[in-house]
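Taking it in order: structure first as structure tokens, then the write-up.
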Amino acid sequence: QKGSSPVAPVHIVNEESTEKTNLGFIHAFVAAISVIIVSELGDKTFFIAAIMAMRYNRLTVLAGAMLALGLMTCLSVLFGYATTVIPRVYTYYVSTALFAIFGIRMLREGLKMSPDEGQEELEEVQAEIKKKDEELQRTKLLNGPGDVETGPGTTIPQKKWLHFISPIFVQAFTLTFLAEWGDRSQLTTIVLAAREDPYGVAVGGTVGHCLCTGLAVIGGRMIAQKISVRTVTIIGGIVFLAFAFSALFISPDSGF
């Protein structure tokens, strides 16, 4: 009779494990979406989506940008998850230290920024997109139907390729992917995936990117000009420091 008594604690352990997993996912989701929003608002990728959406089809720009950001988020989560082979206590406190460094650096940058910092970034992105447009126009001219010097061997593949993939989609994808590579949000995603639930980080990061990019595509230049990069950077620094500070109250073995 006494041998059947341990059955109850097994169910309790399973329920506690499930609840712990759910809390870990929610914590990772909230952390990821928070840091992505404060990192991406007024960032270069935000301006790329805003400016391109004013000139081209919004859905095409959104699709290209989100494919790049989604792919980058998944890669970053994989990079971060690969560090889980290291004991959690080390990755937890190293990532906490990195959050503190990011937060202090963002606060320092924000306090030193000029009020028109966002306008300078906007003009820089405009010049870059204009350059890409000129290159695209030259490519179209070189591969046009009347260009006999290039021969049929070069015009046919180019035309077939353009039928399947929009050049604007490729431009949005390429510009966004290159701007995001090595960016603060990518490094943050890697650090988060090393200490939080990777699924929560992946979903939260993607949703955060989707919100920021969607806002840029819908609002366009008006929102880009209204956003104070200085204010967003300072708020971002506070958010990063808050997550670093939370490590004083949450142990590495808590699961979230």
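Every residue gets a Cβ built from N, Cα and C, even glycine.
The feature transmembrane segment is assigned by TrEMBL to 23-41 (among others).
Long-range contacts of the transmembrane segment (61-83) within the same chain: residues 45, 48-49, 52-53, 91, 168-174, 176-177, 180-181, 186, 189-194, 198, 201-202, 205-206, 209-210, 213-214, 217, each at least 6 residues beyond the stretch ends and with a Cβ under 8 Å from a Cβ of the stretch. Residues or ranges marked as transmembrane segment in TrEMBL: 61-83 (among others).
TrEMBL lists 89-107 (among others) with the feature transmembrane segment.
TrEMBL lists 161-179 (among others) with the feature transmembrane segment.
What TrEMBL records for 199-219 (among others) is transmembrane segment.
The feature transmembrane segment is assigned by TrEMBL to 231-250 (among others). Outside the transmembrane segment (231-250) by six or more residues, the chain places 31, 34-35, 38-39, 41-42, 92-93, 96-97, 99-100, 102-111, 113, 188, 256 with a CB less than 8 A from a CB of the stretch.
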